[in-house]
Amino acid sequence: MRKLSFLDRVVEEIDSYARFTKHPLNPNRKSPSANTVDGQLSDNDKKHAAGLMRVDYTGEICAQGLYRGQASVAKSAQTKEHLYHAADEEYDHLAWCAERLEELGAKPSLLNPFWYWASFGIGATAGSISDSLSYGFVVETEKQVMKHLDSHLKNLPVNDNRSREILKQMYLDESEHAVEAQKAGGKKLPKPVKAIMKLQSKVMTTLAYRF
């Protein structure tokens with residue numbers, strides 16, 4: 001099997017990015033909201049729900065970038081496979097959020113290309129150091145995503161049942177990813193690194209909610 005050159009890998013990643021940002025997306029799993037009906041939602045309810053779901057969509061874009069960046073330089077085939085599998089599950093989340101945004105009459109954040117490639121760079125940097133550090137980033141990323149999801153579940157409009165079902169399943173999946181990464185040997189990240197990740201996350205959520 002021919003070994004991919006650096007240029008081949010760049011083209012492959014650009015193609016992958018184009019694939020999972022081209023709508024409509026085709027998830028491997030049916031949306032958790034498929035059999036759920038919303039209650040009455042006002043225009044303000046829809047606007048607020050759309051802002052939260054846009055943040056969650058962008059969070060999944062970041063996770064895709066991080067995982068694919070890590071996988072591109074992973075030391076072992078097992079780690080590479082693990083990360084690509086996690087990215088595939090995150091693809092379902094992207095599709096669910098994209099569908100819900102469309103239902104709410106909204107679009108994904110305009111800044112998603114920046115967040116994806118920034119996350120890809122962070123992932124590739126961490127992955128080039130060691131697989132254990134790479135897994136450590138997965139654990140911390142999933143923990144932060146779970147905090148966002150928990151907050152959004154509490155702040156969604158009361159009658160937004162469809163968004164709620166999506167976020168509940170996403171929370172379960174993210175929790176599983178964190179546990180798997182920890183079992184795979186995830187290294188605890190230094191406090192300064194965690195602080196930077198939290199700051200980046202705060203900036204992302206603030207901007208993505210608005211546009």
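A Cβ is built for glycine as well, from the same backbone N, Cα and C atoms used for every other residue.
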Site co-member for Fe cation 2 according to Swiss-Prot, given E90, E174, H177, out of E102, E103, E140, E142: E142
Candidates E12, E13, E60, the one Swiss-Prot lists with E90, H93, E174 as binding Fe cation 1: E60
8 Å Cβ shell about E90, E142, E174, H177 centroid, Fe cation 2 site members excluded: A63, A86, E89, V138, T141, V145, M146, D173, S175, E176, A178
Subset of binding-site residues (E90, H93, E174) lying within 10 A of E142 (Fe cation 2 binding site), CA to CA, in sequence order: E174
Beyond the site residues E60, E90, H93, E174: chain residues whose C-beta lies within 8 Å of the centroid, for Fe cation 1: G59, A63, Q64, E89, D92, L94, V145, M170, D173
Number of Cβ atoms other than its own within 10 Å, given for E90 (Fe cation 1 binding site): 26
Helix, strand and coil totals (DSSP H, G, I; E, B; other) for the compositional bias 'Polar residues' (28-42): 0 helix, 0 strand, 15 coil
